[in-house]
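K.L.:
Relevant sequence annotations retrieved from Swiss-Prot are reproduced here:
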ACT_SITE  413  active site, proton acceptor
ACT_SITE  496  active site, schiff-base intermediate with substrate
BINDING   411-422, 493-498  substrate binding site
BINDING   554, 556, 719  Cu cation binding site
BINDING   563, 565, 708  Mn(2+) binding site
MOD_RES   496  2',4',5'-topaquinone
SIGNAL    1-30  signal peptide
């Protein structure tokens with residue numbers, strides 16, 4: 001009954017009536033004067049709290065972020081996170097409706113009994129730019145003589161201070177002696193410009209035009225494309241071939257054009273988008289009605305269609321396919337409630353999160369989404385370094401169909417569109433458990449205006465099965481539950497919604513889970529069933545998942561940039577390959593299991609396909625556990641999933657996409673730390689002609705032995721469509737892990753006792 005005040009129809013009317021009469025017999029007083037009363041339900045919901053009524057216990061439960069409150073009508077106390085709190089004014093009932101004092105929210109939720117949110121006394125140097133700082137950066141940039149009217153903003157984000165200084169702050173509390181600085185990326189027409197702005201001294205430190213770069217697709221480009229399509233008489237005429245007479249019912253999806261060395265007939269220096277379209281039939285799912293074999297090429301500078309590419313006319317699939325369940329009667333499901341009656345086990349201080357032995361900083365970036373920084377683990381009082389920064393590096397969704405409406409489709413979702421900008425607000429109780437704390441985040445829009453995204457990130461703790469268990473005959477059972485802290489973020493890029501979870505285990509493991517849901521991009525075909533004459537040809541590149549609709553085979557490939565600092569920055573990549581070796585020690589066995597251990601000493605050697613039967617470690621060979629083993633973290637790019645694993649790029653080596661985006665084909669990369677090397681696809685991948693990302697970073701083959709190394713893991717799935725994913729796709733996951741390997745001296749959760 002969250003988000004609503006409801007009373008069960010069970011026969012408790014007499015008890016409730018008595019409570020109502022007793023509670024409203026006379027005026028209610030607070031501090032010697034008559035209290036001003038307001039409706040509990042409306043007031044608390046406007047505050048953002050869930051309101052629940054327990055008809056049996058005659059009690060309200062109020063939940064807001066870290067506060068879990070129980071209060072009975074007429075009672076002089078409430079229970080807040082398991083502790084008693086005196087109420088200046090009790091909850092009263094009148095005519096079946098609950099009323100509270102207008103000071104109730106302050107009395108209860110500002111009582112200090114909820115310790116989830118703490119005041120940040122020393123701002124973390126990696127805190128996101130505030131709304132005021134974003135506005136200041138824009139003001140400074142606009143005052144520059146080089147700034148041109150109508151310039152748009154691709155990104156306004158924190159320019160990070162020196163890494164060593166940030167670690168000194170996180171570990172010793174040493175203040176960072178540097179002004180707050182912003183990176184500003186702009187689009188002046190089709191020209192990309194980078195600026196670095198000193199916010200404290202209100203001056204521009206650098207102003208750099210970037211030659212040959214194509215900027216991101218911005219949100220107003222979507223509006224421009226729709227207007228161009230709607231007002232084009234040429235496009236309207238072509239639509240008639242497809243039986244469409246009203247261009248106003250056509251929904252466009254602007255897509256980047258890729259790079260084909262001129263074989264697609266497109267001018268390389270132009271700012272172009274390809275547009276595929278769908279018909280809005282009124283069923284709420286225009287994705288089910290593709291206008292197949294029709295592509296408009298739009299010049300964003302000229303604001304016009306410069307080319308229309310066509311194939312054979314395929315009738316638009318017209319069968320209604322709503323995905324919101326409007327035409328289904330699903331069975332009613334009883335509530336499943338997750339409660340934390342004594343409050344949260346974690347605290348949030350500014351943007352720093354503390355849970356169990358973990359501490360980390362969290363901020364949202366407009367391109368890659370959440371960035372987790374200064375990740376440490378408290379090992380018996382010693383704060384140990386694990387990771388300086390971890391984030392999505394980039395991702396790509398390439399399709400395998402060569403037809404006119406598909407051959408160019410290879411979506412670089414973060415690099416071309418900005419996945420942080422496309423953050424989807426999280427709905428508590430649906431997108432995240434009901435016990436989640438939702439965090440708002442502020443980024444800049446394309447005009448430079450600060451924009452706050454409500455519920456951008458969810459934080460929650462969950463039960464995750466037994467941490468360990470053993471039952472010895474004749475002795476008591478020994479077991480404890482596993483808890484996980486999840487940082488969840490969702491980005492909606494066109495038809496797909498991507499869920500990213502950073503999962504902290506109390507045993508030192510970090511999970512990275514990438515989930516894909518939403519609606520598949522589908523192709524209109526002639527075949528209704530696999531028995532139709534055209535079915536074999538229609539399904540050459542995909543699966544018939546509905547009448548006249550094929551789900552085209554594609555991949556979801558994710559890359560994560562993980563600047564691991566395992567007990568410090570001098571790390572080495574170590575391989576351990578379990579092998580079968582002959583038995584030379586005697587006895588009946590002819591073979592043994594042994595481990596071949598060796599160092600991988602350079603960037604080129606580190607770029608590898610992942611073999612799940614082997615072990616790859618980032619080790620600090622100068623630090624040992626008590627047995628003398630070097631402390632390490634295991635890197636597992638693919639630890640399971642629900643779709644076939646993407647073991648590499650499903651493209652021939654002579655494809656341009658293969659050469660532009662090397663990160664797709666190998667699951668493990670390790671490079672030397674350089675602060676400007678942040679994106680596996682390169683900083684400006686839109687229409688890039690060669691690899692400016694990981695392939696370039698590793699080209700100089702720097703040494704990795706006892707250096708500050710950055711791990712990049714590529715994971716994902718090859719998506720072969722099935723009927724059960726249409727018209728909306730259940731979330732499909734790819735899982736990765738970072739796992740302590742001789743990092744500790746013993747089972748790190750030994751002796752844990754959880755209530």
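In case you wondered, yes, glycine gets a Cβ from its N, Cα and C as well.
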K.L.:
With residue 417 (substrate binding site) as the reference Cα, tell me which of the recorded positions 496, 563, 565, 708, 719 is the closest one.
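P.N.:
Ranked by Cα distance from residue 417 (substrate binding site), first place goes to 496.
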K.L.:
Least buried of the recorded positions 411, 420, 496, 556, going by other Cβ atoms within 10 Å?
P.N.:
496
K.L.:
What residue among the binding-site residues 554, 719 has the most other CB atoms lying within 10 A of its CB?
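P.N.:
Of 554, 719, the one with the most crowded Cβ is 554.
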K.L.:
Select the closest residue to residue 493 (substrate binding site) from the following binding-site residues, measuring between CA atoms: 556, 563, 565, 708.
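P.N.:
Closest recorded candidate to residue 493 (substrate binding site) by Cα: 556.
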K.L.:
Could you measure between residue 565 (Mn(2+) binding site) and residue 496 (active site, schiff-base intermediate with substrate) for me? Cα positions, answer in whole angstrom.
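P.N.:
It is 34 Å, counting Cα to Cα.
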K.L.:
Within a 10 Å radius around the Cβ, which one of these recorded positions has the most neighbouring Cβ atoms: 413, 563, 565, 708?
P.N.:
565
K.L.:
List the residues in the vicinity of the Mn(2+) site, defined as same-chain residues other than 563, 565, 708 with C-beta within 8 angstroms of the site's C-beta centre.
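P.N.:
So the additional residues around the site are 163, 387, 388, 564, 569, 571, 673, 709, 710.
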K.L.:
Taking the centroid of the Cβ atoms of 554, 556, 719 as the Cu cation site, which other residues of that chain lie with their Cβ within 8 Å of it, listed in sequence order?
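P.N.:
The surrounding set, listed in chain order, is 397, 399, 516, 553, 555, 643, 716, 717, 718.
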K.L.:
Let me know the most crowded of the binding-site residues, choosing from 414, 417, 493 and counting other Cβ atoms within 10 Å.
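P.N.:
Comparing the binding-site residues 414, 417, 493, the most crowded Cβ belongs to 414.
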K.L.:
According to DSSP, does residue 413 (active site, proton acceptor) sit in a helix, a strand, or coil?
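P.N.:
The residue in question, residue 413 (active site, proton acceptor), is helix (DSSP, three-state).
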K.L.:
Going by Cα-Cα distance, which of the recorded positions (411, 413, 414, 563, 708) sits nearest to residue 719 (Cu cation binding site)?
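P.N.:
Closest by Cα distance to residue 719 (Cu cation binding site) among the recorded positions 411, 413, 414, 563, 708: 411.
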K.L.:
To the nearest whole angstrom, what is the C-alpha distance linking residue 414 (substrate binding site) and residue 496 (active site, schiff-base intermediate with substrate)?
P.N.:
13
